[in-house]
Amino acid sequence: MQVFPPPQVPLLGAHTSTAGGLHNAIYEGQEIGASTIQMFTANQRQWRRRPLTDSLINSFKTALKETSLSYIMSHAGYLINPGSPNPEILEKSRICIQQEIQDCISLGINFVNFHPGAAVNDTKETCLDRIISSFSLMEPLFENSPPLVVLFETTAGQGTLVGSNFEELSYLIDNLNHKIPVGVCIDTCHIFAAGYDITSPESWKRVLKNFDDVIGLSYLRAFHLNDSMFPLGQHKDRHAPLGEGDIGIESFKFLMTNEDTRMIPKYLETPGGPDLWAKEIRQLQSFQK
């Protein structure tokens, strides 16, 4: 189930700050030369969300019109675990997922990105089935076909997290794509940490073919661009500035120029803040000239 087409121009951005209001994330994106952004719609480390007001919504939509940024992504909170074996955590997670989706629809956001979940003391198979049940409950929210896609982010495979391999993500998508719009956000640091070699054009082509065979490239809707502080397959989620980690700059140059990936929206999560992101956006844009 797809609700809107891919962008017609390459989109680059970063995870910007909502300090002072959600609309400020949009304006910060404009300041760093971004054409899209990722943001939190609520405090990512709290269960309780502040309700959206008409004023907040209008300010956000005004910022979108003034800046022409598009394909905005919301990153869901870190406490959410839709595969939790703990009934209390599971119920809180499902409430947060519902609220997150509702807020994204109200704001006109196109992507909402979730970490799939963690098995904790259960099996990964049971965790995956529980995640499917959690997101199946969201089907009524999509009855009017809002232009919003739920994205599952690739994980580094640390601890009991699921989603570190394409097979697990495929299982989620195959069981949900007839109920809600779903896709995948590849985090470059995470898949590298999980054991996918993406250090060269040749290795990237193998990974993308694997993705296409297992999931289908039409479900690849976004990238988180991060280098890695640790070598391949260490299952450690530690981001580094582009070209300053073990992945290397050629990997990101490939994503900007390869026909299958150049038009997919890309969001920086590199450590360093707005000044670094502005520099990295200019560098990435230069690869396409």
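A Cβ is built for glycine as well, from the same backbone N, Cα and C atoms used for every other residue.
What Swiss-Prot records for the Zn(2+) 2 site is GLU153, HIS224, GLU269, and among ASP122, ASP187, ASP197 the residue it adds there is ASP187.
Together with HIS75, GLU153, the Zn(2+) 1 site in Swiss-Prot holds one more listed residue from HIS115, HIS178, which is HIS115. Taking a C-beta cut-off of under 8 angstroms and a sequence separation of 6 or more, HIS75 (Zn(2+) 1 binding site) has the following same-chain neighbours: HIS15, GLN38, MET39, PHE40, GLN44, ASN113. When the alpha carbons of HIS224 (Zn(2+) 2 binding site) and HIS239 (Zn(2+) 3 binding site) are compared, the span between them is 10 angstrom. Burial estimate for the binding-site residues (GLU153, ASP187, ASP237, GLU269): highest at ASP187, by number of other CB atoms within 10 Å. Shown in sequence order, ALA76, ASN113, PHE114, LEU151, PHE152, CYS185, ASP187 are the same-chain residues outside HIS75, HIS115, GLU153 whose Cβ sits within 8 Å of the Cβ centre of the Zn(2+) 1 site.
Other Cβ atoms within 10 Å of the Cβ of HIS239 (Zn(2+) 3 binding site) number 21 in total over all chains. Close to the recorded Zn(2+) 3 site, the chain also has ALA156, ASP187, CYS189, ALA193, ASN226, SER228, LYS236, ARG238, GLU269: residues not among HIS190, ASP237, HIS239 whose Cβ is within 8 Å of the site's Cβ mean position.
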